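Asker: One structure, pasted below without further comment.
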Amino acid sequence: MTALDTDTPTAGRSAPLISPGPVIPPPDFGPLDRAQGWAMTAIITALAAITRFLNLGSPTDAGTPIFDEKHYAPQAWQVLHNDGVEDNPGYGLVVHPPVGKQLIAIGEWLFGYNGLGWRFSGAVCGVIIVMLVTRIARRISRSTLVGAIAGLLIIADGVSFVSSRTALLDVFLVMFAVAAFACLMVDRDQVRERMYHAFLDGRIAETRWGTRLGVRWWRFGAGVLLGLACATKWSGLYFVLFFGVMTLVFDAIARKQYHVPHPWRGMLRRDLGPAAYVFGLIPFAVYLASYAPWFASETAVNRYEVGRSIGPDSILPIPDALRSLWHYTHAAYRFHSNLTNADGNHHPWESKPWTWPMSLRPVLYAIDNQDVPGCGAQSCVKAVMLVGTPAMWFIAVPVLGWALWRTVVRRDWRYGAVLVGYMAGFLPWFADIDRQMYFFYATVMAPFLVLAIALILGDILYKPNQNPERRTLGLLTVCFYVALVITNFAWMYPILTGLPISQTTWNLQIWLPSWR
């Protein structure tokens, strides 16, 4: 429904025509070209699988894991052979929750303790991330073409690519966070569809709080996925908080758009309780469930700490197993809290979060420049570096600025949602600047950067009231940019995969002094 034009004079009419009812948003609840959308998604996903799985088992460090794979690949192997738990290191400590290592163990179960085995699950998750980004971009832009563009961009992102091909935990965190975001985008559309039908049925004004929205299974799924994110790395908690606030704001805005008398109080009355359940109880339950092998173990780290370092009595009737898990969690937290520069913890490839948006300080995962054949008398260089594709990451600041402007000035919810996801992976790290940090913490920011760029390209393609010449120019601009990103990715491919290159080429690949 739309308001009739009240500014145009009409002969024989002494008063302006007014709308017979309140104006509500048009019934747009998602893309309609399902067949084309899934066909496009299948093609993009197949391309992602080729890039993520090609020569996946290489490189290794003389048959052993590289960089921090040295922590997680062995721990996953222990999980596989110790009934789901890592070896108890005695004086050491296992400092991350179990889900990521449980997933790595699946690949090791299938292919053995080798490069393919410990990287297989991460590559599968990398392909799923590409599919999710493609579907999210298509849904929020209402354009299958924009979805395809986003898919190509995430395929060609160096950070997403390398993280998918190494046995670190971040790729699993990214998959769960992005999947939760995808669920919430579907939930947003479903809420508006329910509000629309409630408006047509006259149920909006039944109370001043507005109608109840019923069971929201997509939001429930988001809660489960966020619990898995927290059970991979604790930084998943940031997404629980940011996404929880985001969905409540979406609910309040929907109630306002459909003329609920008190939309914000209606959100607090109708939506806050269910949201607290989904973003509080469900993730916590999933997190505890991920420790089921730990609870069942007799030898897991700190499993029977009650009665040893902590007393047998408790003020609250909490089971000893949960008290032991709390002690274990606190010990791991203390480890992370003390991993600071002030305490003498330094690493040649550490970085601070203000360098992450533009990939100013990447991480060198592996390098071999001694007696590598293929470059004549001089040794070749084989290296794997986690670095963002410059054609995307170097423009991050203006992209984020534009997204903020669209959110605040134009009230464009799409950019606002993407900013929430990006900032959930970025802002919390400023709370403890002295902590030792690395660029791979920014892996979870990459999909949201890609989504923001894809939305901008979509706005260039579909700018309203364009004449044919401007439409053609916009199409050429978008094609040129996507080709530039793919070319940039192809140029950097050797240092993303460990292919041998000459010393001269290596120096050409290192664009900034801070990359050394």
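Every residue, even glycine, has its Cβ placed from backbone N, Cα and C.
Since this is a predicted model, take the numbers as computed values, not measurements.
The annotation transmembrane segment is assigned in Swiss-Prot to 113-133, 143-163, 166-186, 234-254, 275-295, 384-404, 413-433, 437-457, 473-493 on the grounds of sequence analysis.
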Asker: If contact means at least 3 Cβ pairs within less than 8 Å, sequence distance 6 or more, would you call the transmembrane segment (437-457) and the transmembrane segment (166-186) in contact?
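Answerer: They do touch: at least three Cβ pairs between the two stretches lie under 8 Å.
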Asker: Okay, the transmembrane segment (234-254) and the transmembrane segment (113-133): do they have at least three CB pairs under 8 Å, pairs separated by 6 or more?
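Answerer: No, these stretches are not in contact.
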Asker: Same chain, outside the transmembrane segment (413-433) by at least 6, Cβ under 8 Å from its Cβ: which residues?
Answerer: 140-141, 177-178, 181, 184-185, 188, 235, 238-239, 241-243, 245-246, 250, 253, 337, 340, 352-353, 356-357, 400, 402-404, 406-407, 441-442, 444-445, 447-449, 451-452, 455
Asker: Which sequence positions outside the transmembrane segment (473-493), separated from its termini by at least 6 residues, show Cβ-Cβ distances below 8 Å to it?
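Answerer: That would be 149, 152-153, 155-158, 161, 387, 389-392, 457, 460-461, 463, 466, 499, 509.
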